[in-house]
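Taken straight from Swiss-Prot:
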BINDING   GLY34, GLY35, ASN36, GLY37, ALA38, GLY39, LYS40, SER41  ATP binding site
COILED    302-450  coiled coil
COILED    490-600  coiled coil
REGION    667-784  region 'Flexible hinge'
COILED    781-806  coiled coil
COILED    836-1109  coiled coil
REGION    1059-1080  region 'Disordered'
COILED    1210-1239  coiled coil
Amino acid sequence: MIERGKYQSLTMINWNGFFARTFDIDNLVTTLSGGNGAGKSTTMAAFITALIPDQSLLHFRNTTEAGSSQASRDKGLYGKLQAGACYAALDVVNSRNQRLLFAVKLQQVAGRDKKVDIKPFLIQGLPSHVKPTDVLVETVSDKHARVRQINEVKDAVGQIEGAHFKSFPSIVDYHAQMFEFGVIPKKLRNSSDRSKFYRLIEASLYGGISSAITRSLRDYLLPQNGGVKKAFQDMESALRENRMTLEAIKTTQADRDLFKHLITESTNYVAADYMRHANDRRNKVGQTLVLRGELFSSRETLIEQNSLLNRVHEELELLVEQESALEQDYQGASDHLQLVQNALRQQEKIERYQEDLEELNFRLEEQMMVVEEANERVMQAEERAIISEEEVDSLKSQLADYQQALDVQQTRALQYQQAVQALDKARRLLDKSELTAESAQALATQLKAEQETRTSELLALKHKLDMSSAAAQQFNHAFELVKRVLGEVARSEAAKQAQQVIRQAREAQNVVQNEAQWQAQQRDLERQLEQQRSVRELATQYHKQHRVVLDDAATVELERERHSALLEELETEQENCREQRGQLRHQEQELQTQIARFESIAPAWIKANDALETLREQSGAELADSQSVMAHMQQVLELEKAQSMAKDKLAERRTKLDSEIERLASPGGSNDPRLKGLADTLGGVLLSEIYDDITIDDAPYFSAMYGPARHAIVVSDLSGIKEKLVELDDCPEDLYLIEGDVDAFDDSSFNAEELEGAVCVQLNQRQMRYSRFPAIPLFGRAAREQRLELLREERDDVVEQHAKASFDSQKLQRLYASFNQFVAMHLQVAFDADPEQALATARDKRNQLLRSISEFEAQEQQLRSQLQASKQALAALDKLAPQMGLLDEETLEARYHELEEKLQQLSEAKAFIAAHGRTISELEKVAAVLDADPEQFDALEQQYQQADQALQQLKAQIFALSDLLERRHHFAYSDSVDLLNQSSELSEQLKAKLVQAESERTRSREELKQAQAQLSQYNQLLASLKSSHQAKLETVQEFKQELQEFGVHADEGAIERAQRRRDELQERLHTSRSRKSEYERTITSTELEMKALVKRMKKVEKDYQDLRTFVVNAKAGWCSVLRLARQNDVERRLHKRELAYLSADELRSMSDKSLGALRLAVANNEDLRDALRQSEDNSRPERKVLFYIAVYQHLRERIRQDIIRTDDPVEAIEEMEVELARLTEELTQREQRLAISSDSVASIIRKTIQREQNRIRMLNQGLSNISFGQVNGVRLNVKVRESHEILLAGLSEQQAQHKDLFESARYTFSEAMAKLFQRVNPHIDMGQRSPQVLGEELLDYRNYLELSVEVNRGSDGWLQAESGALSTGEAIGTGQSILLMVVQSWEEESRRLRSKDIVPCRLLFLDEAARLDAKSIATLFELCERLDMQLLIAAPENISPEKGTTYKLVRKVFKDHEHVHVVGLRGFAQTEKPKTAEQKFAEELAGELTE
């Protein structure tokens, strides 16, 4: 027997009062005894926390919170912990004898919410000698220990061999591990299950009858029949999916036309544009090649004609060049003549102005002398005026101040003495004693005149001396100039060499003046030589081309006649070529007509041929002619009929299998569904239901033993059955009834003997039945399920075969329809000759004709070239004829060389002038000094010294006279000497002098004014003369500058030469223009012939360049289009050969029509609408392909893969026709097969209710002997709700009345159930629940039952268990009994979910057990012992149970630290466990050995 798992211990680490405490959990009852605050509730809280570590559920209330719904903020856990890491660990040994330590790490989280961080973990495989505290607490010293953190715990466990540490990220995983190892009785999948488990623990902890549990006993006691509900949900889901698929098929059938329309129009739209671009590209490439050939031939012809024309133009260009030079020379000569004439007129102006300038110069010199004399007179007048002013002022000051007057008179006396001394000095120097102050002025004037004369003489000598000195310098300068030109020259030869150099320079100037004339003559000779060379080249070229030497005019005339005759002959041959080419053109037009006819019939033939190839692929036949097509069409029709018959047979077999499967799947597997109803009517059970759990091996035996009675009804009593049978309306032909206990039925009533493969049953003394074991037994659920599996496999095979047959039938129908369509549309042309092959032959012939035409055109071109050559020869002869005289002209070269020598001399002369021109110009100015004698310079210098000495002596005399003249007015102060002695008369004399001085002052002022006025007039006249002289001088200089800018030497000979030169050039220009007109008339005919060819070639070249650019630019786009089409596998859809024969306008019209249809078709699809709008850009053809790909992708996405399994929309459209009908039929049948009857639903629900009633009856048996106080028994009462019983009756007995609900496609089965419930219970308000929700509730059997708890209390009998009707102890005991029932129910419910070798732990809690008396506690102990349950209770100190383990808890405080002192006691009334038979045998054996 498998032992139940047990809790071994509870370990608390770092809780309030418990630093590291382990409580051993007794196998029966563990009691925590102590006073208030001792720590009993804390210990239970640690146990519950380790069991359910969900802080959202944990809530440890105390008695002060009895009426509170929220309690304290920390929910009783935060305050029970110490700071730091805390642990609560449960040590468990399960049924497999595995030691498990389920623990949680708790830690307070700082904050006002007082939350606790909980982390669950598991330690598995700890050795038995290792305590939980050894892992969770680290011993630091003998008296100190430290709580380990969870990582340290993990490391410590890792060091223990065989131990494993596992943490859990969620509580669900933690509880799943607990369930697997048998620690908790129920699998807690979610928070709802955890809440139920916690409510159960909480109800156990606080005792009494929990209203939370009694109100929802169905959820706690009745297991959820998930399989039934899931079956219903799966059935509804399958029906819903089936109906959705049917709707999808209808939608797909509607989409089929859209598919066809969209794919047809998009194919037409894109393929037409695709083929239009392909045709256009092919045509453009062909046109490009044709134009390139024509361009190359035209270029060759043009090159030939151009070479001919170039030779003609060379002569014209030469003549034009000569004419241009002549025009330039003529224009230059005219300009030179005009320039010479202008220079002569300018020279005349200069001479006239120079005469005026000389006259002005003479008048200017005279006026300057007059102004000089007037200036001297003004200065003398100013001096006299100043002296008179000073005299007046002096006399006035003397009169004003007598002392001053005396001083003045003394000064004047001194001045008078100095004047007398000056007079004596002048007499001595002049050696004239008679000299007086009055006669000094005349003598001074005389001496001044003499001074001027001597000064002039001295200046003349000075000038001669300077000239002599300058002559010596100029001689040296001129001699240096001669040496600069000629190099080292003797001094005596300097004058001669200078004259020679000047002469050479003049000759060079004369040579340079002939420069223009010689250059013009050179150009004339060059042109004549060039003409001679051109004529000789023409003659040489003509000799090379025609092998004829042109040496005279007669030969030229003969050649002209020969070429004229050749021209006539070539023109005749050219006409013949044109006629033959016209005939070939006619034949080419006939072939073009045939090609057009073939092109017109080719599209229809291509469509017919494609349809024929499709038929051949579909049918796999040759189909060589129309007769074979008709014959094969008949064969397809016969095959289709045969396939339809095979399909019908398979459908019939499938129906039989479905009915048999449905019969075997029904309860009991009865052949007759009425038996179940009869069993309910008679109050019995089908025999097959009783034996429903037998094994497959036993099924043949029991099936043979019961024989025909295997579908009998077992009733508890046969009395009164006959009356009920008589009242039956509908009953099978044979109905077997067997009397027996339904709950404990056996086969003892049958006398059966098993034989070899059979059973022999002795019915009575005279009857015996022999039944062989059936080959396929159907008795028992296992046998039926085995048979069902085989039948379902067979049915799947039949369904697959039927689907294949349906597909083949549809395929044959489609093939027959394709034959019909082919016969109607394409049979007439499908077997005609291939027009494309005939078209290729015709095109080859046409190409041959075109090549022949090209050969004739080439021949004609050759004739034209010969004609052109002859014409060019005639033109060359015409050009040579007038210039034949130049061929033998030999003097041109000699004249040209002579002129080149003159030009060489000219270059040398220009180089000489450029090198020495300036030097020679300077030399020419000073050449005369070379003849002068520089040795006379010394005598002249001595004469100059003597004259200078005499002049200096004269200047000393003049100075003495000047000093005398300056002091002559001082002689008037002779009286001052006397006045110094006669001071009394001084004043009167001063006054007289003042009057005399004032009159003198007035007279001198008038003289000064007259002199100044006269000087002003003279100055004005001088300024006017100077301005006139300056203007004339500037004008002359400007005229000279202009004359110099003319750059010509103006003389009478120059103008005569210029006129003669101009007249000569004018005559030559007239002659050249006449010859140019002749040349232009000669080449006009050649230009006209080339003009047409050039025009044609330019047009062809432009067309070729445009076409080639178009082809090259389109190539990249076309390559991208092809790449897109091939990568997306749409090229075969777009490249339609029949469209290649349509014109571009027809294809464009086709594309535009489809575009209009597509705009309507994609109006509601944004992606396709945008793609279509972008594809309308004709410059981007790849966008149309992208649109086509988008349509394909869109249709692929629209293809339902559950109906059609292909990615190609075109193939999908073809498969739709085949698949839709078959799928519709199959889905309709599947819906009928999936639909469950209301009777079956009622039967399943009733059977489930009956099973649960029996299970609760078994649970009640375990609680029947429980007693708490006056309570002598506890039981659960279960009954079916009246409203739901009416619903079950309506489902099973009134099916016909409710067909509108269950056979309607508008409602699901759940909705039909809800509608039926409302129909049979109109008085019940359904609230806001939807029919679907209500229907799902009605499919759960638990909603049909009502559960209540009843107690047998004293004389009152069985009463409803309510807290108000029971004492506290009775309520606690009753509540514990109910909780035990719930735990036992959970274990039974979860048995199939856990391993068979696991029996889960059972443990309940009870706080404040003092409310129970000793008898009640003993009852609890008995209940725990009987049900193998552990109980953890808390009781005050006055409770001392006799059994189990008791812990005495006392909380002690030492200084600021408190801890709980714990003492454990074993119960004093412990009874030994009963020994097993093996133990007794072992003890007896040990005793015998001892003896």
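Cβ coordinates come from backbone N, Cα and C, glycine included.
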Cβ under 8 Å to the region 'Disordered' (1059-1080), counting only same-chain residues 6 or more beyond its ends: which ones?
315-316, 319-320, 322-323, 326-327, 329-330, 333-334, 336-337, 516-517, 520, 524, 879, 882
Quick check on the region 'Disordered' (1059-1080): DSSP residue counts for helix, strand, coil, in that order please.
22 helix, 0 strand, 0 coil
Once DSSP output is merged into helix, strand and coil, LYS40 (ATP binding site) belongs to helix
Quick one: of GLY37, GLY39, which of the binding-site residues has the smallest count of other CB atoms within 10 A?
GLY37
Applying a 10 Å Cβ distance cut-off over all chains shown, what neighbour count does SER41 (ATP binding site) have?
20
ATP site, defined by GLY34, GLY35, ASN36, GLY37, ALA38, GLY39, LYS40, SER41: further same-chain residues with Cβ within 8 Å of the Cβ centre:
ALA1434, LEU1449, ARG1451
Tally every other Cβ atom lying within 10 Å of the Cβ atom of ALA38 (ATP binding site).
24
Those binding-site residues listed as GLY34, GLY35, and which of them has the most Cβ atoms within 10 Å of its own Cβ:
GLY34
Counting all other Cβ atoms within 10 Å across every protein chain shown, which of the binding-site residues ASN36, LYS40 scores highest?
LYS40
Mind looking up the mean pLDDT for the coiled coil (302-450) in the predicted model?
80
What are the helix, strand and coil residue counts for the region 'Flexible hinge' (667-784) according to DSSP?
39 helix, 23 strand, 56 coil
